[in-house]
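**Q** Here it is: the structure, laid out below.
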Amino acid sequence: MDGIIEQKSVLVHSKISDAGKRNGLINTRNFMAESRDGLVSVYPAPQYQSHRLVASAAPGSLEGGRSEPVQQLLDPNTLQQSVESHYRPNIILYSDGVLRSWGDGVATDCCETTFIEDRSPTKDSLEYPDGKFIDLSGDDIKIHTLSYDVEEEEELQELESDYSSDTESEDNFLMMPPRDHLGLSVFSMLCCFWPLGIAAFYLSHETNKAVAKGDFHQASTSSRRALFLAVLSITIGTGIYVGVAVALIAYLSKNNHL
């Protein structure tokens, strides 16, 4: 029975050792030796004695095995790998000894990146996609400019002022009350064709009433009708006067011949 327990413990310790080598974790077997007082470090250098770590008692043994305390010693070679596994892949930590050994024996496996700032294109050069530069002289540089005459700007301002004045005059004309043409209506009624003159006079009064009420649309309509009738009355009256005069002259001339 003791032989079976020892074989199982040896297998367990070998598996732990192999797992430590594969995963880069702490090796607890290769650098310790058993003695009467327990596990003792086999490092000859005194500075590694401070790396000794005393673990707590084991929770249980395989099938009723031993329960004595176990001392674990950190392996400096695998400690760096275990630390690196907690960082991202782009962060690599190396000791000074490893870097020094790289500089001495493995210098050919390293690559160096150099940043050159002298190839930046100047103001008189142009960079092509293939990395070549070409110098540009003052004659080759073309600067697109935009110019205009001051007179054009003045003409534009004049046009804007004329347009604004026209719009203001139109607004003022629309806001002005329509005229009644009362005098022209009275003249057409008394001196010209009086039926149309009377109608023009009536429409002029309707225009004044619409303006007093604030109905500018009706007032403008009445004003246009009064003006039309007054002009028509004057035209007809003038024609009548001319016809009467011609008839009178013809009559008088006929009597003289007799």
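Here the Cβ of each residue, glycine as well, is placed from N, Cα and C on the backbone.
Features from Swiss-Prot:
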TOPO_DOM  1-181  topological domain 'Cytoplasmic'
MOD_RES   Ser137  phosphoserine
TRANSMEM  182-202  transmembrane segment
TOPO_DOM  203-228  topological domain 'Extracellular'
INTRAMEM  229-249  intramembrane segment
TOPO_DOM  250-258  topological domain 'Extracellular'
**Q** Hey, which bits of the same chain come close to the intramembrane segment (229-249), Cβ under 8 Å, at least six residues off its ends?
**A** 181, 184-185, 187-189, 191-197, 199-200, 203
**Q** Which residues of the chain, 6 or more past the ends of the topological domain 'Extracellular' (203-228), have a CB below 8 A from one of its CBs?
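**A** Here the qualifying positions are 177-182, 184-185.
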